[in-house]
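**Q** Input: one structure, supplied below.
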Ligand code: SAM
C-alpha cells in the first residue's frame, strides 16, 4: 500500500510521541520504553493499523509495536488512534516508521516474542523475491530478534505468496506450527482472529484467507 504523498504527513509523524524516533538507541531496552516487562509483539507492514490497534485493546498485558515504512500510511493509523476515547488510551501500542530490513539494528536477540505479517506486499517479479517479508532473507532477520520459542504468524489471500512463504520456511529450517488454506472456515485457527483492513476487503470479495504460524 502506498498512499499518495500526503502534505504534512512527515511533520505529524515527526511530532507524534507514539512514533519512536532513533529506534536503534532503544535496542535491548524496549521494556524500559513501555515501562514494564511484558512481552513485545510487532506487526511488520502494519498499514493503517486496524489489526494492531484491536490486538492492543484486547491484550493490555502485551506490548505492541506497529511497523510501517511510509509516513502517509502511518499517518492514517495515528489519526484513527487520536479519535479513540480517553479510556482506550492504549499505553501498550507504539509505532516505528522504518523499513523492516532494519529490524536487527533496532531489536536485540530475544527481545520480540511474536511477529505478525499481514497481507504483505507480493513483489511478483522473481528478482524482487528477497523483498518479500516472508522470504528466507527476512526470516533470518526475524531469527535475530525473536525469543527462542518466538513465532511468526503470516496471513494473506495471495496463493502464490503463501506457497512461496511455505517453501521459504522449509528452506530456512523453521517449524510449521499451524497452517490453513481457509482461515475463516477453520474453527481452531480462526479462534480470536482479528481482521486487518486487507483481510476485510479481500474476504468480502469471496477470497479464502491463508495463514501459517512458524517458529525456529
Ligand atoms: N497489514 C495491513 C493489512 O493487512 O491491511 C496492510 C497491508 S499492505 C498490502 C502492506 C503494508 O506493508 C504497506 O502499508 C507497506 O507500506 C508496508 N510495507 C511493505 N514492506 C515493508 C517494509 N519492508 N518495511 C515496512 N513496511 C513495509
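Cβ coordinates are placed from backbone N, Cα and C, and glycine is handled just like the others.
According to TrEMBL:
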BINDING   43, 68, 99, 121  S-adenosyl-L-methionine binding site
BINDING   125, 157, 196, 197, 198, 199  substrate binding site
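Give me the structural setting of these features: burial, nearby parts and distances.
**A** The secondary structure of residue 43 (S-adenosyl-L-methionine binding site), as reduced to three states from DSSP, is extended strand. The Cβ neighbour count for residue 43 (S-adenosyl-L-methionine binding site), using a 10 Å radius over every protein chain in view, is 23.
Listed in sequence order, the residues of the same chain lying 6 or more apart from residue 196 (substrate binding site) and placing their CB within less than 8 Å of its CB are 47, 50, 51, 118, 119, 155.
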**Q** If the criterion is a C-beta within less than 6 angstroms of any ligand 1 atom, which of the binding-site residues 68, 157, 196 pass it? List them in sequence order.
**A** 68, 196
**Q** Other residues near the S-adenosyl-L-methionine site, CB within 8 A of the CB centroid of 43, 68, 99, 121?
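**A** Going along the sequence, the neighbours appear as 44, 45, 46, 47, 67, 69, 100, 120, 133.
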**Q** Does DSSP give residue 99 (S-adenosyl-L-methionine binding site) helix, strand or coil?
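**A** Note: residue 99 (S-adenosyl-L-methionine binding site) is coil by DSSP, not helix or strand.
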**Q** If you count other Cβ atoms within 10 Å of each one's Cβ, which of the binding-site residues 68, 99, 121, 197 has the most?
**A** 68
